Amino acid sequence: MQFTLHKTAAGESRARRGTVTVNHGEIRTPAFMPVGTYGTVKGMLPRDIEDIGADIILGNTFHLWLRPGTEVIDKFGGLHQFMNWNKPILTDSGGFQVFSLGAMRKITEEGVAFKSPIDGAKVFLSPEKSMQIQYSLNSDIVMQFDECTPYPATYSEAQKSLELSLRWGQRCVDEHKKLGNTNALFGIVQGSMYEDLRRQSMDGLLEIGFDGYAIGGLSVGEPKEEMISVLNYMPELMPADKPRYLMGVGKPEDILEAVRRGVDMFDCVMPTRNARNGHYFVTGNEDNQGIVRIRNSQYREDQGPLDPECDCYCCQNFSRAYLYHLNKCKEMLGAQLATIHNLRYYQRLMQGIRDAIDEDRFDEFVADFYHRRGQDVPPLELK
């Protein structure tokens, strides 16, 4: 893997424009990765994902391991061939899903034992096993197996958790090398909301050495102010010559605020999940949050396009009234068109960010984003 930093934004922000080059192609950063949990982005053909401009998608190690299983995907030569996607894939390690099982799992130094949510069978996932699964998937970017620290966490709980994740991180690197895996491996910073613990985690990861670094443990229920507080210092602790990935954060305004603070990569289920609930992200300020809730009766006879500024298939071909009708009838096409639009909105947002950095007008882009929503630009309180 290679990361090329092309430009840092003019002005007070730390926004960066770069390219991540992996075995299956290039990823323009800042980048948003659509989530394809089971080897598919819900409601989207692979060609649809290409059409909306995505350079990379995210797959889920945990779910693909349980179903269909690596023994099936191995027969196809990896996840790319299995799902017919020829661009880059990042897979998470399975850690977040395992730890979300709550009482169904038991954590030890060796790994995590749990009952399969599919059939109740006893299953064990370790750092080594996570690396082996992701090797079978042939992910372009592999994530270390870590303990996702819950929120809230006491200082001692957060410290114990990050220290376990560091030990697991070393085991991931060792197994990754043992397998001869030439794909990239990213480490994950933990430490909850405690700055000194975040610094301790980052120092430990740097000592181990990874191809890129991710900020974990955010978007887990904490107030936005606490998330921003972590982002005010965290990206600056990460190497400038490596990609910086913020895991699971996906509101458009949160992505923009993270970019202002130096983050390069993002993923979230929000655009696809919200699409299935009739929430469309739009360029304007429909509700001061840039969202059209298409099930509202005001759209029943609305002949206008969903977003006049959007070039997606949905906006170019259908009215708000038709989308309202599809949602009221619970037609599958409604969710599909919403997904196409929302993912295109996110890719247009990222392209706009990249262009603005390239053209030395990023601060103006940020101001326009908030102006359209009738909001002031939040202050930058960088450390």
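Glycine is treated like the rest: Cβ placed from N, Cα and C.
Cross-referencing His279, His341 against the Zn(2+) binding annotation in Swiss-Prot, which names Cys310, Cys312, Cys315, picks out His341.
Cross-referencing Gly69, Gly120, Gly217 against the substrate binding annotation in Swiss-Prot, which names Asp92, Ser93, Gly94, Gly95, Phe96, Asp146, Gln190, picks out Gly217. Looking at 10-16, 24-30, 45-51, 248-254, the range annotated in Swiss-Prot as region 'RNA binding' turns out to be 248-254. Feature annotation (Swiss-Prot): of 132-136, 272-276, 377-381, the stretch labelled region 'RNA binding' is 272-276. Asp267 (active site, nucleophile) carries a strand DSSP state (E or B). If you measure from the Cα atom of Ser93 (substrate binding site) to that of Cys312 (Zn(2+) binding site), you get 32 Å. Neighbour count (other Cβ atoms within 10 Å of the Cβ, all protein chains): 22 for Asp267 (active site, nucleophile). Mean model confidence of the region 'RNA binding' (272-276) amounts to 97 (pLDDT, 0 to 100 scale).
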